[in-house]
Amino acid sequence: MSAKMSDLPGAVLEWSTDQVENWLRKCGHSDYVIRLLCDEHKIDGKALLTLTENDLKSPPVSMKILGDIKRLSTDLRLLQKKNFSCLEDLGLSLGPTVQAYSRLKLTNLDEANDFPNEDKSLYDEPTQPLGKRDSRALYLPPEFGKTFLSMAYLFVVTWITAFVMVIVHDRVPDMKKYPPLPDIFLDNVPTISWAFHMCEVTGSLLLLIWVAVLITHKHRFILLRRFFALSGTVFLLRCITMLITSLSVPGTHLECNPRVWEEQAKRGQPYGDLWAKIQHAYVIWRGAGMSIQGVRTCGDYMFSGHTVALTMLNFFITEYTPRRMYFLHTFSWLLNMFGIFFILSAHEHYSIDVFIAFYITSRLFLYYHTLANNQALMQRDSGRTRVWFPLFSFFESSVGGIVPNEFEWPFTTEQLKAWITPLMMSVLAALIALRNKGPLAAKQN
């Protein structure tokens, strides 16, 4: 069974018994369940969509293992929710339909009694509302090509950002003519010279945590794709705001002399030639715009790139780690907040720069994930979504719901042995050859 078939409404009705077996295996069900449904009872796609938990418990199926019943019932509800229109076309009604059930969030049998003609088996589980559980995606392909394209997108945006930072640095307003603007925080907090370095240290810690999450997360390529796409979009927006308006520097301690060469200025090129700008852009790009890497620029105001990086890393860490990891989430938020405080304490940005950066980054992250986690919103007006959110529509086209926080090592023990063993044998053979070469050379001499 192809992955695309399972995502297309109506395709399930055409499934054969073999395709149902493939679906059950992908969902992780046991051989007992597969043999019972496919071999003994010949369940095809149409029959699969009409199954209820009551059917599984009752003759002739009569499943005996409670765990198998609950797991299969949950997956059936997810499948019915994604294909409720097909059920209505067939004249079938499961519950108040799974769609209505999710909308009304009926959580107990008393509410279900408002629908006297409906099958009450859908309400047998007094657990959390179905709408919250059903939004989990069943099949999540890694899609390496899309991940590579998102990485290329971020790569291009970082180069554009570095080049724009060269331009805005060379047109920064003269501090003598345009002093720092009034700012509630900066006017009342003295400059701390080492604070900006500490901000970048906190960002580096967040980056290390995020890399550890990526290495161990089962759906690491989807996470990477989202991280690259969102980061690239925010920094591209930052380039536009930097070019539109040039603010005066927030502190007189900053060295913000434009890189102007007198000879070129005489020739009508006040900002230097293109090759010199590209060289400076490479220095900024290579150092990731960080002062601990020796990069110092001015004029990149309106919203703070350091705040964007801190906030984006924090939100991704807290979103894609289990809720029970309270210590990690608290630590991540503390690093985010202290990083922002250090930016302001160093007087490297105005308070409004930090506020706008935090707001734009957090809102874009939340809007993106709200759409990605709710398939109904994605499908309601797909044409408009493709126009207004082209990157989202492309990168999330194969993701059918919430990405679960499941963790696994990127390589199995067998794979590590398969890679390490030949390497160790090659090293051992080289050492033996070197050892034998020594006595042989001595004899020849």
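Every residue gets a Cβ built from N, Cα and C, even glycine.
Heads up, TrEMBL stuff is auto-annotated, nobody curated it.
For 15-82, the entry in TrEMBL reads domain 'SAM'. The average per-residue pLDDT of the prediction over the domain 'SAM' (15-82) is 87, rounded to a whole number.
Listed as Cβ neighbours of the transmembrane segment (148-168) (distance under 8 Å, sequence separation of 6 or more from its ends, same chain) are residues 224-226, 228-229, 231-233, 235-236, 238-239, 242-243, 246, 259, 271, 277-278, 280-282, 284-285, 289, 297-300, 305, 391, 395. The annotation transmembrane segment is assigned in TrEMBL to 148-168 (among others).
What TrEMBL records for 194-215 (among others) is transmembrane segment.
Within its own chain, the transmembrane segment (227-249) has Cβ neighbours under 8 Å at 147, 150-151, 153-154, 156-158, 160-161, 164-165, 167-168, 171-173, 175, 178-181, 210, 256, 298-303, 305, 308-309, 312, 316, 350, 357, 360-361, 364-365, 368, 391-392, 395, counting only residues six or more beyond its boundaries. Marked as transmembrane segment by TrEMBL: 227-249 (among others).
Using a Cβ-Cβ cut-off under 8 Å and counting only residues 6 or more beyond its ends in the same chain, the transmembrane segment (301-318) has close neighbours at 161, 199-200, 202-203, 206-207, 209-210, 213, 223, 226-227, 230-231, 234-235, 238, 241-242, 244-247, 250, 289, 328-329, 332-333, 335-336, 339-340, 343, 348-350, 353-354, 356-358, 360-362, 365. According to TrEMBL, the transmembrane segment annotation covers 301-318 (among others).
Residues or ranges marked as transmembrane segment by TrEMBL: 325-344 (among others).
Summarising the annotation, TrEMBL assigns transmembrane segment to 350-366 (among others).
Among the features that TrEMBL reports, transmembrane segment is placed at 387-404 (among others).
For 416-434 (among others), the entry in TrEMBL reads transmembrane segment.
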- Note on the structure: Residues outside the transmembrane segment (325-344) whose C-beta sits under 8 Å from one of its C-beta atoms, at least 6 past its ends, are 185-186, 189, 192, 195-196, 198-199, 202-203, 205-206, 209, 304, 306-307, 310-311, 313-314, 317-318, 351, 354, 358
